[in-house]
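Per TrEMBL, the features are:
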- 1-15: signal peptide (SIGNAL)
- 53-165: domain 'Ig-like' (DOMAIN)
- 172-267: domain 'Link' (DOMAIN)
- C218-C239: disulfide bond (DISULFID)
- 273-362: domain 'Link' (DOMAIN)
- C317-C338: disulfide bond (DISULFID)
Amino acid sequence: LPLLLEATLLHLASGFHPPFYNGFYYNHVMNDEANGQEKDLPFLSPLDYFNEPKLVVETPKDPIYSSNGANVTLPCHYHYEPDIEAKPKIRIKWSKLRDDYTKEQDVLVAVGKVLMAFGDFQGRAYLRQVDRHDASLVISDVRLQDDGKYRCEVIDGLEDENDVVDLRLQGIVFPYQPPRGQYRLNFHEAEKVCRDQGAILANFNQLFQAWSEGLDWCNAGWLADGTVQYPIRLPRKHCGGLHLAPGIRSYGPRHRRLHRFDAFCFSSGLRGEVFYLDRQSGMTLKEAKQSCQDAGAEIARVGHIYSAWKFLGLDRCSAGWLADGSVRYPIIKPRPNCGPPEPGVRSFGFPRKGRFGVFCYKER
């Protein structure tokens, strides 16, 4: 029976040849009047279908740079090849790609002049639309977490094209250890301590930029994508070995709850100023906080002092309290009795006792 069935199928297949062309099947279709009459269509090649205008979406290949509190435009334009008039119901969607490659974050969707922004972008994101093919995204009051890659997607019926824009904030990466000491933070705790210091967990691009500018740090720390890495400029025995080239050492992804390391935090430009207060006899931490409040400010965080050092040229050879209980001071021009011969933010750690000045922060 199986042989008889196989022979029958082969016979039917050999005697039946439906019309086809390069994989495309064409047959009689109902006419427009749908009156049951069949109508022969002219034979078309696949090339006729691909000669329709093609939708093209273009964004800059180089990163767009901005800073905390600024306004920025992410350019995106679309056109057709060959050129045709843009359709009124074009749908434009912007989304932000996450560092850990999880689901994209919706930013904005627009159809014509109707648009909707989502989440933290509500009230801050809109389309520029200076011409009929402009899909550029404008973000006002840029925040630290806005740094990253954005997808510009243009949808015209069944056509859907997109391209990516890289927004990078000008900022500074600094390593952070809590008062309890080295390697005490899981991933979620690392996120929190960076936020508490007026910063966010750094991403790899930010750490790489900091390394290229001279950051050398032998302690491993969390990054925003859940990996643990550290930057080495001068190879040495206990930092990956003497025979490894300079670069970013990586432990790869770690368990976000169980594994513990330090953190690499990222801070950008300030919306205010950092200033120093002191008394002749110095202050305790409690007195330092009150002094800042009396001056209409708050005690500065670690992110504030690093940003003021890098972007505002803050240089002070006097140690001062910060909000986390640490004592630090920023040096632009190294000099005797002010620490090592390189510029940087010096740290006295987290003294339990002692009287120092204080760095305060006041928003404009």
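Glycine is treated like the rest: Cβ placed from N, Cα and C.
Automated prediction, rather than curation, is the source of TrEMBL annotations.
Per-site Cβ counts within 10 Å over the disulfide-bonded residues C218, C239, C317, C338 peak at C239. C218 (disulfide bond) sits 26 Å from C317 (disulfide bond), taking the C-alpha atoms as the reference points. Counting residue by residue with DSSP, the domain 'Link' (273-362) contains 20 helix, 26 strand, 44 coil. The helix, strand and coil residue counts that DSSP assigns across the domain 'Link' (172-267) are 19 helix, 30 strand, 47 coil. In this structure, the CA atom of C317 (disulfide bond) is 30 Å away from the CA atom of C239 (disulfide bond).
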